[in-house]
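S.K.: Pasting the feature list from TrEMBL:
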- HIS157: active site, proton donor/acceptor (ACT_SITE)
- LYS161: active site, proton donor (ACT_SITE)
- GLY10, ALA11, ALA12, GLY13, ARG14, MET15, GLU36, GLY100, THR101, THR102, SER124, GLY125, ASN126, MET127: NAD(+) binding site (BINDING)
- HIS158, GLY167, THR168: (S)-2,3,4,5-tetrahydrodipicolinate binding site (BINDING)
- 4-127: domain 'Dihydrodipicolinate reductase N-terminal' (DOMAIN)
- 130-266: domain 'Dihydrodipicolinate reductase C-terminal' (DOMAIN)
Amino acid sequence: MSEMRLVVAGAAGRMGRVLIQVIHETPGATLAGAIEQADSIAIGQDAGLLAGCGQTGVEITGDALSAIAGADGILDFTSPEVSVELSVLAAQARIVHVIGTTGFTAAQLVGFEAAARHAVVVRSGNMSLGVNLLAALVEKVAGTLGSEYDIEIVEMHHRMKADAPSGTALLLGEAAAKGRGVSLDQHAARARDGRTGPRRAGDIGFASLRGGTVVGDHKVIFAGPGERIELSHAAEDRSIFARGAVQAALWGKSRKPGLYSMVDVLGLAD
Ligand SMILES: NC(=O)C1=CN([C@@H]2O[C@H](COP(=O)(O)OP(=O)(O)OC[C@H]3O[C@@H](n4cnc5c(N)ncnc54)[C@H](OP(=O)(O)O)[C@@H]3O)[C@@H](O)[C@H]2O)C=CC1
Ligand SMILES: O=C(O)C1=N[C@H](C(=O)O)C[C@H](O)C1
């Protein structure tokens, strides 16, 4: 079977460079394009040299349309606005769009449903196997414990992270809400400050810490009467996300158009 031709968007970013390395190491995948914003100093550089895996002959470009031409899929870890634009191009080209970007508004998320009528879209706030397994455990524990166990989600990331709570924290919050049979939108406590009064019964709380070079730490706490259960995940290396994203693209190549998540890719659906 022919190799899957993949384009990396945000090629000079923290995730973009790791994605290029992982594509380089993955049988069945080949780097076909690398996109950055038009005024980036990375434009014109060889994507492989920038990522530290040797010359690839693929130059980083600001022209997304030409990069996508002839490709089978795009791996997109950029910003919400850029991912929305790329979803239109990917849908027009009928190529697999793997979206790792986080921090979307509800309206932006609805837009991906329209794109998924024409192309395979795989979106997840966390592409790692470990976090998606953790989410399954959180759903189970939340469904087992009664409402006397308060659910709090704590995350810590590097100082450059642009959004909070993290996409992973929200994914874990959705899993907890699903386990409890409630809507996260109606029960999320995303920030607390000042004279808040007692905790609202049934809330799922979020706390975000930022500092240093932390790749991504998440903890889900079930605080009950006289005991606490804590489930956690620590990302030590961004390659866990990049490997998941490349796996998602390869998986998506033979699927029908639709909106999928890593739960589908990893076969974790109930
Ligand atoms: N789902 C998951 O498993 C994971 C998700 N993420 C998410 O991925 C996203 C990116 O994270 P990270 O790599 O750390 O961030 P970076 O800021 O390091 O990378 C984003 C890159 O996208 C570039 N960019 C900006 N505009 C465009 C454009 N129009 N076309 C192409 N590229 C563009 C940026 O350039 P410039 O700097 O010049 O603006 C930057 O190089 C975040 O939303 C993060 O939360 C991260 C890790 C795992
Ligand atoms: O911005 C990051 O770095 C990360 N973003 C994702 C998130 O928002 O959860 C995934 C991972 O935790 C790293």
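Quick reminder: no glycine exception, Cβ is built from N, Cα and C everywhere.
No curator has checked TrEMBL annotations; they are predicted automatically.
Keep in mind the model is a prediction, meaning the values are calculated, not measured.
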S.K.: Can you tell me which of THR101, LYS161, GLY167, our recorded positions, come within under 6 Å of ligand 2 at the Cβ?
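M.R.: The ones that qualify, in sequence order, are LYS161, GLY167.
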S.K.: Can you count the other CB atoms that lie within 10 A of the CB of the residue listed as 'active site, proton donor/acceptor'?
M.R.: 25
S.K.: Restricting the comparison to the recorded positions HIS157, LYS161, THR168, which residue's C-alpha is spatially nearest the C-alpha of SER124 (NAD(+) binding site)?
M.R.: THR168
S.K.: Rounded to a whole number, how many Å is the Cα of GLY167 ((S)-2,3,4,5-tetrahydrodipicolinate binding site) away from the Cα of ASN126 (NAD(+) binding site)?
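M.R.: It is 7 Å, counting Cα to Cα.
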S.K.: Running a distance check here. Ligand 1 versus the recorded positions ARG14, THR101, HIS157, HIS158: which have CB less than 6 Å from one of its atoms?
M.R.: ARG14, THR101
S.K.: Do me a favour and check the Cα-Cα span between ARG14 (NAD(+) binding site) and LYS161 (active site, proton donor); whole Å is fine.
M.R.: 11
S.K.: Quick check: of the recorded positions listed here (HIS157, HIS158, LYS161), which one has the Cα closest to that of GLY10 (NAD(+) binding site)?
M.R.: LYS161
S.K.: Sort the residues of the domain 'Dihydrodipicolinate reductase C-terminal' (130-266) into helix, strand and coil with DSSP and give the three counts.
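M.R.: Breakdown, helix to coil: 51 helix, 38 strand, 48 coil.
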S.K.: State the Cα to Cα distance, in Å, between GLU36 (NAD(+) binding site) and LYS161 (active site, proton donor), rounded to an integer.
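M.R.: That separation, Cα to Cα, works out to 18 Å.
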